[in-house]
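The structure appears right after this line, and notes come after that.
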Amino acid sequence: MARWPWRWRVLLPLLLLHSSPVFAQEGQDNDPSTLFKRASEMMNLRKYDGSLGLLNAVLEVDPNHSEAYRQRASVLRHKCRYKEAEGDYSKYLELKPGSSSVEKELSQLLQAQNALESAYGQFESHDFSKVLEYINKIVLVFSPNCLKAKLLKAKALLALEDYSSVISETGFILKEDEDNLDALLLRGRAYYYLADHDVASRHYQKGLRLDPEHSELKKAYFGLKNLLKKTKSAEDNAAKGKLRVSAEDYKAALAMDPDHTSYNVHLYLGLCKVLVKLGRGKEAISSCTEALNIDGELVDALTQRGEAKLLTEDWEGAVQDLKEASQKSPQDMGIREALMRAEKQLKLSKRKDWYKILGISKTASAADIKRAYKKLALQWHPDKNVDNREEAENMFREIAAAYEVLGDEDKRVRYDRGEDLDEMNMGGGGGGFNPFGGGGQQYTFHYDGGFYGGGGFPGGGFPGGFQFNFG
């Protein structure tokens, strides 16, 4: 107990020293003039909540303080509490009727109120540009601290995909109220659509810590979590060679949010690569085209689409895509190699397909080639096609030229490799091979003037007149 007197001896002089100013301040706080002056200072500093509290105190002490009503009406208008503000303006005009300046402020209030209502209506009609016009040109001019208008503006900007502006606008809101759930949600969504998923997730998580049952925050947070999980599954399965499973994972991820273009561009590209490996060229082209519709400068998507077009034998399309990709990335040897393959295939596609002319596959044996040649030569001999002689002559030449190449093992190998063959050597006779010789049957063709086209059958000119003999 002896300690307490000692403490009082130390503390009592300090209490007495500070008590007079405290009590004096309490007395000053009840003075309407002092309170009003402080309220005006706080309003000038845009500390509207503090100013509003002081003005409430003024009017409690002096219910007829007209300037306090006007000042409070102005604060309430700034915060878009229009009905309360209208009541204070009306009270001021009761105390001081005929004030043109206050009547003007009241008119501005009604104008801002109507504009805010119109902005909400335009938002429901999805005319988001009109929403911004009402808010920027009217509401925030007369009510610069209107939280409802700022949040509606951020929502309109989000709908217009102006994500950077959403981040900026919600940043101002969170600076004044760091726990504003609507602002946290909108800002998180803006970062999400910019594919900055880590920052988006942090905003969602902060909001959920404040309100774990907030339905929109929960939907946004778990939606993002599931999207990233499905993407990882697609990438992991592709790396393991489980291409069909990977393709289904990519498709599932793309279905989660079709509007998430900044992220979906990578999903489309990943899907395209998997489909190319699966040999599903048509689907791959579609997927890569979706990626390029989002980002036309994506070289990897151009390259993969070129590869996909090779699968569908769209040689010209493949060359076009790969050439563009090569121009954008001239040092990439992989692209250059793919372009060379495409150009070679395009060149090959423009030459005659001798296999097709003889109606045989590319794996046909020498005997198959000879058999097909004999059959077609008999079928299209001009003497047997008097009614369509010109067509028969052309077909006869084609058949002979095809056999000139495919009936010669060396020429066939070179042809299959895609090498250029001297077309002059393809069209006429000049070898020493008679495909109709030997084998127990003798084929003699009679045609006045020799072989059509000036060459004769491959393996000889067969000049003069001769006829079919089946011996």
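Using the three backbone atoms N, Cα and C, a Cβ is placed for every residue, glycine included.
According to Swiss-Prot, the protein carries these features:
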type: SIGNAL; residues: 1-24; note: signal peptide
type: REPEAT; residues: 32-65; note: repeat 'TPR 1'
type: CARBOHYD; residues: ASN64; note: N-linked glycosylation site
type: REPEAT; residues: 66-99; note: repeat 'TPR 2'
type: REPEAT; residues: 112-146; note: repeat 'TPR 3'
type: REPEAT; residues: 148-180; note: repeat 'TPR 4'
type: REPEAT; residues: 181-214; note: repeat 'TPR 5'
type: REPEAT; residues: 227-260; note: repeat 'TPR 6'
type: REPEAT; residues: 265-298; note: repeat 'TPR 7'
type: REPEAT; residues: 300-332; note: repeat 'TPR 8'
type: DOMAIN; residues: 353-419; note: domain 'J'
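The stretches the repeat 'TPR 6' (227-260) and the repeat 'TPR 8' (300-332) do not meet in space: the count of Cβ pairs below 8 angstroms, excluding pairs fewer than 6 apart in sequence, stays at fewer than three. Counting residue by residue with DSSP, the repeat 'TPR 8' (300-332) contains 26 helix, 0 strand, 7 coil. In the repeat 'TPR 5' (181-214), the DSSP tally of helix, strand and coil residues is 27 helix, 0 strand, 7 coil. Tertiary proximity for the repeat 'TPR 5' (181-214) is limited to same-chain residues at least six positions away from its ends with a CB under 8 Å from its CB atoms, namely 151, 154-155, 158, 161, 163-164, 166-167, 170-171, 173-174, 220-221, 224-225, 228, 259-260, 262-263.
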